[in-house]
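Visitor: The structure under discussion is supplied below as structure tokens; questions concerning it will follow.
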Amino acid sequence: MADEYSVPLLKKKYYKDCSGCKVDQMKELQHGIPFRELFSIWIVVLCTALPISSLFPFLYFMIKDFQIAKREEDIGSYAGYVGSAFMLGRALTSVPWGIFADRYGRKPVIIMGTISVVIFNTLFGLSVNFWMAVITRFLLGSMNGLLGPIKAYAVEIFRAEYQALALSSVSTSWGIGLIIGPALGGYLAQPAEKYPNVFSKDSLFGRFPYFLPCLIISLFALAVTIATCWLPETLHKHNVSDRSSDDSYDALEAATHESNTKEITEKDEGRESTSLLKNWPLMSSIIVYFVFSLHDMAYTEIFSLWAVSPRQFGGLSYSTEDVGQVLAITGFSLLVFQFSVYPYVERMLGPVVVARIASLLSIPLLQSYSSMALLSGFALGLAINSASILKSLFSVSIVTGLFILQNQAVEQHQRGAANGIAMTAMSLFKAIGPAGGGALFSWAEKRQDAPFLPGIQMVFFMLNVVQATGMLMTFEPFLAQPRR
């Protein structure tokens, strides 16, 4: 008996002026892993991830130079406001960017996002006061709405068997950007002090000590912007009169196909009318995602603040260069893991099980951080590098699994908006993360003699509370997995 599932037996209909159809035709001819598309996605995501956290190693010193904090213990709070401005801007615009991507295409949003990095990240490096830093970060977040559409793009540009790898590359590049960014910030900030033989104090980089890392990232973003002009568009835009003559059917086949297609179209229109907010597999994965996003952003800010803070406050007294070295090692390890290990683990266990295991193992790891301040020399270097690597591997495994669930829960025509909702939720909580993390860090530094969890111990305990909450939410009935 013929039904809707018999339609794929006929030759698929393509439209000659539809860029999405051209991509589908290209996918049918693909054999093996499409490395070029994988690399394209990877550099675009890296471009947008680098400026998000590149400021954290030097933000403590930047706020100190602005002379806005009255006490050293208050620096963390002001640093949190600057760190949150980007995510607040993105939270306000992620859904509109997602809707725009569903209507006009993924490619325009990607190009505008990379251009925003070129402009506003450069201006941030030239900030002369606290409010200029906050405003440029806010504008950077508002105008950079590509992370949601690039996840939809990653699903659409790859064949079904490589979609997990595609989304893995998104989260890998994102995670590496959040690590290499601080590494660049740590190595290149204050160059006149670190490399006086190359940069004089009277030079541009001496007068603007935090401009060099921002400039390097902006130049990279400019190169990526030029390269994205050659990306193919994946959004389908059909005009019935434009059907390719190469894909026409015989009269009988056409009649049969049009009858079946009409039924499918009516069902698709019914699905379109269903609100994304009522799609529980999607919404449950988004809710879990923004809990982990809150945790990850707070951890990123707190790690850098803790590493550079004085030993008397429970920190490590690291320089920005020391922090950069730790994060560079972590970034390389993450790259190796995500491309060589994660796809096989995800295939064996599934994204949800991987996320549960990773979130569970993160809890004892995080609680061990506060005791690392008692170490020194080689032992401290080994401990902090090992902990940073493991924490990043666990975090990116969780995020990749949730990316996969979100994109499996919706059809193509809804992916831009769905990822826009995810980015809004994530950005709101990531805006809270740096501000809350900075305030928590400042408060903890003032309670060194408290009887219960003194100083930095309270900070890592609170991070674990959020981590444990996210872990519990990965279990059913809360987290609903989409039907394949």
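The backbone N, Cα and C atoms fix where each Cβ goes, glycine too.
Feature list, courtesy of TrEMBL:
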{"type": "DOMAIN", "residues": "37-482", "note": "domain 'Major facilitator superfamily (MFS) profile'"}
{"type": "TRANSMEM", "residues": "39-63", "note": "transmembrane segment"}
{"type": "TRANSMEM", "residues": "75-97", "note": "transmembrane segment"}
{"type": "TRANSMEM", "residues": "109-134", "note": "transmembrane segment"}
{"type": "TRANSMEM", "residues": "164-188", "note": "transmembrane segment"}
{"type": "TRANSMEM", "residues": "208-231", "note": "transmembrane segment"}
{"type": "TRANSMEM", "residues": "286-306", "note": "transmembrane segment"}
{"type": "TRANSMEM", "residues": "326-345", "note": "transmembrane segment"}
{"type": "TRANSMEM", "residues": "357-382", "note": "transmembrane segment"}
{"type": "TRANSMEM", "residues": "388-405", "note": "transmembrane segment"}
{"type": "TRANSMEM", "residues": "417-444", "note": "transmembrane segment"}
{"type": "TRANSMEM", "residues": "456-475", "note": "transmembrane segment"}
Visitor: Any chance the transmembrane segment (326-345) and the transmembrane segment (388-405) are in contact, meaning at least three CB pairs closer than 8 A with a sequence separation of 6+?
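Guide: Checked: the transmembrane segment (326-345) vs the transmembrane segment (388-405), in contact.
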Visitor: Looking at the transmembrane segment (208-231) and the transmembrane segment (75-97), are there 3+ C-beta pairs under 8 A, with each pair at least 6 apart in sequence?
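Guide: Contact between the transmembrane segment (75-97) and the transmembrane segment (208-231): absent, because fewer than 3 Cβ pairs are under 8 Å.
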Visitor: Give, as a single whole number between 0 and 100, the mean pLDDT over the domain 'Major facilitator superfamily (MFS) profile' (37-482).
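Guide: Mean model confidence (pLDDT) across the domain 'Major facilitator superfamily (MFS) profile' (37-482) is 82.
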Visitor: Should anything in the same chain at least six residues away from the transmembrane segment (109-134) have a Cβ under 8 Å from its Cβ atoms, list it; otherwise answer none.
Guide: 44, 47-48, 50-51, 55, 62-63, 66, 68, 78, 81-82, 85, 97, 100-101, 140, 143-147, 149-150, 153, 208, 210-215, 217-218, 221-222, 224-225, 228-229, 231
Visitor: Do any residues, 6 or more residues outside the transmembrane segment (286-306), come within under 8 Å Cβ-to-Cβ of it, and if so which ones?
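Guide: Counting only partners 6 or more residues beyond its ends, the transmembrane segment (286-306) has Cβ contacts under 8 Å with 53, 56-57, 59-60, 76, 79-80, 83, 87, 178, 182, 314-316, 323, 359, 366, 369, 388, 391, 395, 398-399, 402, 406, 421-422, 425-426, 428-430, 432-434, 436-438, 440-441, 456, 459, 463, 466-467, 469-470, 473-474, 478-479.
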Visitor: Sequence gap of 6 or more, Cβ distance under 8 Å, 3 or more pairs: do the transmembrane segment (75-97) and the transmembrane segment (456-475) meet that?
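Guide: Judged by the Cβ rule, the two regions do not touch, with the required three close pairs absent.
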